[in-house]
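Annotated features, as they stand in TrEMBL:
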- 1-21: signal peptide (SIGNAL)
- 165-269: domain 'Squalene cyclase C-terminal' (DOMAIN)
- 296-346: region 'Disordered' (REGION)
- 296-305: compositional bias 'Low complexity' (COMPBIAS)
- 315-346: compositional bias 'Low complexity' (COMPBIAS)
- 348-367: transmembrane segment (TRANSMEM)
Amino acid sequence: MKRLVLAFAAALAVLPAAAFAALPATDAVIKGAAFIKTVQRPDGSYAESPGQTIDAILAVRAAGYDPRLDVKDGKSPVDWLIAAAPSITSPVSAAKAALGAKALGLDPKNVGGTDLVAIAQGGYDAETGAYANNAFSQSIAILGLACTGNPVGPKAADNLKAASVEGGGWGFGGNADPDTTAIAIQALLAAGVPKTDPKVAEGLAWLKANQGNDGGWGFDPNDSNTSSTAFAIQALLALGEDPESAAYTKNGVTPVQYLLSKQLPDGSFVGYDPAFAANQVVPALAGRTFCNAAETPITRTRPAAQPTPTPQPTTPAASPTPQATTPAPRPPATGDTAAAQPGSPAPALAAGGLLLLALGGAAAAAARRRTGA
């Protein structure tokens with residue numbers, strides 16, 4: 001009997017670190033992925049922002065669906081990425097697009113003739129170890145290369161370590177934030193830095209110390225948001241931490257429960273932009289990290305489309321008087337001052353819409369500081 005117990009314990013020890021009982025949150029993941037399909041655009045993308053489309057591709061794959069089969073007006077995300085790839089010139093954009101290509105079953109070195117890996121690697125500064133001038137983008141570059149099985153510059157991890165701020169964590173302007181800290185931790189691990197490394201340990205300690213009283217994370221411990229919480233959960237999973245454990249339970253609420261409480265009836269999540277939030281939250285609730293989302297086994301298929309019923313003639317009802325509403329702030333594009341203003345119209349995106357494909361958390365950070373979403 002003792003041998004049986006020991007054998008069982010040994011078997012448990014080799015289980016994947018992310019395989020905790022509460023994850024994946026299957027129902028929420030399926031609903032979230034269904035919502036993402038509803039926002040697909042005629043060119044096969046899921047958003048005006050290329051960065052959000054890559055996030056959506058990763059979310060759909062993390063949910064166990066094949067994003068190649070999401071088709072709108074005859075176009076799939078594969079069609080979109082092949083059309084967009086020739087316009088990608090930023091190393092960070094190329095790295096993130098490479099991860100999207102992997103999720104789509106494409107060769108990142110040949111996406112319609114474009115070598116995304118070469119573009120990403122070509123932006124490496126051998127002297128400084130930098131791919132970018134901020135920690136979030138540096139992390140995306142490292143993740144995009146390492147998680148597609150390609151070499152990362154030998155000084156890249158040291159560059160990212162050096163970007164940590166006083167008190168632990170990573171962020172902008174000398175202040176740590178949960179998004180950048182979580183993505184930096186994942187990047188360092190992907191680059192081969194052990195989780196026992198002092199900088200990684202400091203990052204984890206910062207996340208623990210700055211968890212909100214509601215179980216989530218945000219730029220204010222008293223005002224969590226879904227995207228930051230999702231990023232933090234992914235970092236915990238990458239580290240082998242259990243986000244459902246007592247160590248991460250605040251006032252009886254875990255980070256996973258916090259996210260589940262924010263899902264809306266249509267499958268999206270509360271946030272300054274429901275689609276952006278869904279893209280971030282679905283992988284976290286699926287128990288996938290930023291790195292391994294692209295290789296999630298495809299185990300689900302979308303429900304078959306229902307035929308549109310033939311409309312029957314009816315007597316038109318009186319239309320209600322429209323009520324004035326305040327437009328929700330749109331996600332800002334990095335480096336785009338017009339889009340950073342709530343409710344402002346979207347400017348034309350440079351280079352065929354591929355200006356800073358790595359936007360996502362870095363761009364969302366400033367918006368959440370303003371809106372508290």
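Positions of Cβ are set from backbone N, Cα and C atoms, glycine also.
The structure displayed is predicted, hence computed values, not measured ones.
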- Query: Given the model, what does the mean pLDDT over the domain 'Squalene cyclase C-terminal' (165-269) come out as?
  - Reply: 96
- Item | Per-state residue totals over the domain 'Squalene cyclase C-terminal' (165-269) - DSSP helix, strand, coil | 48 helix, 15 strand, 42 coil
- Work out, from DSSP, the number of helix, strand and coil residues along the compositional bias 'Low complexity' (296-305). 0 helix, 0 strand, 10 coil
